[in-house]
């Protein structure tokens, strides 16, 4: 429940930030335009983001004939989660990772790299796919799509404010120093809010995945393995499309310093500790 409240508050914050920037650029009219612009971008993302992401990763759809063990595993977990059967995809990549996409449970897809299938045991793989189906059940793909779109739009509006200035309610030019400050600080604030939402949803998907599979320890050991293997294997498609990093079960981007501050995922150690506590107590709340 705490993660859901936190997510709602953060989404309200990123929406408010977007509208405030619109107001700084063009007063009440600017706020209205900013809101309409955000709605248009979210509409496009809602309907087409899954196709775009699967194409970016050159994901190939599989069925029971082409990937019988993997497909049956997803079907069994979807049944346990009371979800429609999602489309199932494989990505020919050595880096171990997986993600879910789709605008709702009826139009969902799950994808895994060939690398993760080689690295993990069947039990661990069940834990991973249960995590992805938890994202589907919680409609996290919609949440992440909206926040990513809003964060990108905030950055675009902030740049517009810096280069073209803005107007107050009376039509007078806005303070240029304020425009520069907005251009520098607003994208950072938007990105931080986006990352906080993503981290909250990852914790919730870990918990939900543990409930679906009934085996939190399997997901814990899977996360440990993915973390260790992924550190030495570049995920080229993810590096080329860093905005999609938040979709993955493990952050696929390499680097440290500021990149850790803007990480889309919680610390792996903390995720594992929470899952092991679930395994010890048998409680998923």
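A Cβ is built for glycine as well, from the same backbone N, Cα and C atoms used for every other residue.
Neighbour density for residue 132 (active site): within 10 A of its CB lie 28 other CB atoms from the protein chains shown. The active site annotation in Swiss-Prot covers 132 and rests on sequence analysis.
Neighbours of residue 131 (Zn(2+) binding site), defined as other CB atoms within 10 A of its CB across all chains, total 28. Positions annotated as Zn(2+) binding site by Swiss-Prot, on the basis of sequence analysis: 131, 135, 202.
Taken from Swiss-Prot, the feature transmembrane segment applies to 7-27 (among others).
The annotation transmembrane segment is assigned in Swiss-Prot to 30-50 (among others).
According to Swiss-Prot, the feature transmembrane segment maps to 146-166 (among others).
Feature annotation from Swiss-Prot assigns transmembrane segment to 177-197 (among others).
Note: the Zn(2+) site is recorded as 131, 135, 202; in the same chain, 100, 132, 134, 140, 201, 204, 205, 206, 208, 209, 249 also have Cβ atoms within 8 Å of that site's Cβ centroid.
In sequence order, 100, 141, 201, 205, 208 are the residues near residue 135 (Zn(2+) binding site), counting only same-chain partners six or more apart with C-beta under 8 A.
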